[in-house]
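Read through the structure below, which is laid out as structure tokens, and then see the notes.
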Amino acid sequence: MFIDKIKAKANNNEINVIIEIPMNSGPIKYEFDKESGAIFVDRFMQTTMSYPCNYGFIPDTLSNDGDPVDVLVVAHHPVVPGSVIKCRAIGVLMMEDESGLDEKIIAVPTSKLDITFDHIQELDDLCKMLKKRIVHFFEHYKDLEKDKWVKVTGWGNKVKAEDLIKEGIDRNQQKWNN
């Protein structure tokens with residue numbers, strides 16, 4: 001995969017997300033390697049938990065932790081790692097881990113991909129139980145790993161998510177301009 005050919009924005013309201021980990025998959029953390037385009041096993045998680053949503057990142061972005069902006073894609077089905085899915089951001093999970101701030105954009109597939117998410121425009125439109133599962137997963141998925149921790153600090157709205165995406169795009173452009 002030529003990641004440099006995939007832009008962060010599909011259009012003004014849509015982002016491209018490259019999936020690394022399918023929802024409900026085994027307790028394995030995969031990471032996309034930008035140099036080779038391959039998906040590597042980062043580690044086997046010691047907790048027997050599965051990701052509650054498809055997990056990936058927005059290409060052509062850079063977050064404060066030095067990685068691309070992370071995204072949780074709410075969907076009805078697992079998405080194959082390496083797939084690019086067009087999404088709409090609806091909010092953000094605010095959290096910190098042993099490396100610092102580590103926000104996760106919450107997104108849903110675009111209407112063209114799945115019209116059943118058209119009514120979900122903001123985080124408050126999501127099922128409360130799904131939000132609880134997301135928080136529970138991230139509060140506990142590193143519990144059995146040495147020197148690793150996570151603290152969920154709250155939720156941010158759609159505007160906050162869009163701001164973080166724009167900052168990630170700008171930060172990445174600045175990196176390449178310097």
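Backbone N, Cα and C atoms are what each Cβ position is placed from, and that goes for glycine too.
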Which of Arg43, Arg171 shares the substrate site with Lys29, Tyr55, Tyr141 per Swiss-Prot?
Arg43
Per Swiss-Prot, Asp65, Asp70 bind Mg(2+) 1; matching candidate in Asp33, Asp102, Asp114:
Asp102
Tell me the coarse DSSP state (helix, strand, coil) of Tyr55 (substrate binding site).
strand
Euclidean distance between Cα atoms of Tyr55 (substrate binding site) and Asp70 (Mg(2+) 1 binding site), Å:
8
Fewest other C-beta atoms within 10 angstroms, as judged across Lys29, Arg43, which are the binding-site residues:
Arg43
Just jot down the residues in the same chain as Tyr141 (substrate binding site), at least 6 apart in sequence, with C-beta under 8 A of its C-beta; none if empty.
Met45, Thr47, Met49, Val150
